[in-house]
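> This is the structure I want to talk about, given as structure tokens.
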């Protein structure tokens, strides 16, 4: 059976730390969607380790790590990231069905974003959307294509016949087919030894009774179907994406663990009802180090949105919830939680499709002094204990972990 870690907000929730805390119990850790727009940061002995494509299980020698078919891969990024961990042969497996982000995807991503002007999505400009677009239009390049570079050249040449209009439409210059192929040919020999049919690999692992942990990227509120559209990512970020992005069946998923911060953040544009633009937002940003792992952009910050978290937990079928960065709220006299919205003159406790026009209804809690570094629930200040217990009641999902600092060992396990 497989367990699943999924983000419950707009990404950057701390999924990497949760995976790191649990990965030692598993034989396989699987990334199943997204690309190098994801950024999982783990702190080991005060040293930050940032992962963009590699599964977080890479930090455990016994873990085998799988990049599934639902991931879109920048080959150069993957190669550079892998080098930092030495010889990964036998520990890293990449799906031959995963799609490749090619140089022109990044150019298209940036050009399209600029053309949107005031309606810009806030994309990372990493080529993720255009790559998924080619996948859906059945015009993409997969890892399996690296095995026959002559046929791949023909495919890239054919793709270019369909995208030449882009140069005029967006006033950009695309790299030549020759330069794209040279780029691929220089990297392919170093990537191919890791490429395999990972679906068969995972099925075989299941038959042997081995334990699998699936690791989501981004967050549920960025899901292409159920997120704050159009300000979303291009993949299925909720639990169902773990099946389509890995080859596992729905019945193979034993439990889903949601991950949320004790407050909310968002990168890029789009709806964010509890955002605080002033002193509170800046205090959360600085205390939480809220700057993107991938882009370095300052994250928008605000109070915990229990309505959004409850919605996302229901979408994912969460058995439990991990609350991260509780320590960032240390020292606040009052802590707010959004428990409902004002919408069209009424009070509601759900997320409408017209999410841009809601106003948060808050419940206030008495703040606390210090939780940083605390590792047992009873050692938390009584006000912080009350906050966690009330979140559990409001959301209706058991809270099983609470993080109290960036350090990997500062985690309260509640069973």
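Using the three backbone atoms N, Cα and C, a Cβ is placed for every residue, glycine included.
Just lifted these from Swiss-Prot, have a look:
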- 12: active site, proton acceptor (ACT_SITE)
- 40: active site, proton donor (ACT_SITE)
- 11-17, 39-41, 299, 325-327, 403-405: GTP binding site (BINDING)
- 12, 39: Mg(2+) binding site (BINDING)
- 12, 13, 14, 15, 37, 38, 39, 40, 124, 138, 218, 233, 297: IMP binding site (BINDING)
- 293, 294, 295, 296, 297, 298, 299: substrate binding site (BINDING)
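Could you place the listed features in the three-dimensional structure?
Just so you know, the Cβ of residue 17 (GTP binding site) picks up 26 other Cβ atoms within 10 Å once every protein chain is counted.
Residue 39 (Mg(2+) binding site) carries neither a helix nor a strand DSSP state and counts as coil.
When Cβ atoms from all protein chains are considered, those within 10 Å of residue 299 (substrate binding site) total 21, not counting its own. A coil conformation is recorded for residue 299 (substrate binding site) in the three-state DSSP classification, outside any helix or strand.
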> For the binding-site residues 11, 14, 39, 296, which one has its C-beta crowded by the most other C-beta atoms within 10 angstroms?
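Neighbour-count leader: 11.
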> Hey, how far is residue 404 (GTP binding site) from residue 295 (substrate binding site), Cα to Cα, in Å?
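Their Cα atoms are separated by 25 Å.
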> If you measure residue 124 (IMP binding site) to residue 295 (substrate binding site) at Cα, how many Å is it?
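Cα to Cα, residue 124 (IMP binding site) and residue 295 (substrate binding site) are separated by 7 Å.
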> So which of the binding-site residues is most packed in, judged by how many other Cβ atoms lie within 10 Å of its Cβ, out of 298, 326?
326
> Cα-Cα separation of residue 218 (IMP binding site) and residue 14 (GTP binding site), in Å?
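Checking the Cα atoms of residue 218 (IMP binding site) and residue 14 (GTP binding site) gives a distance of 10 Å.
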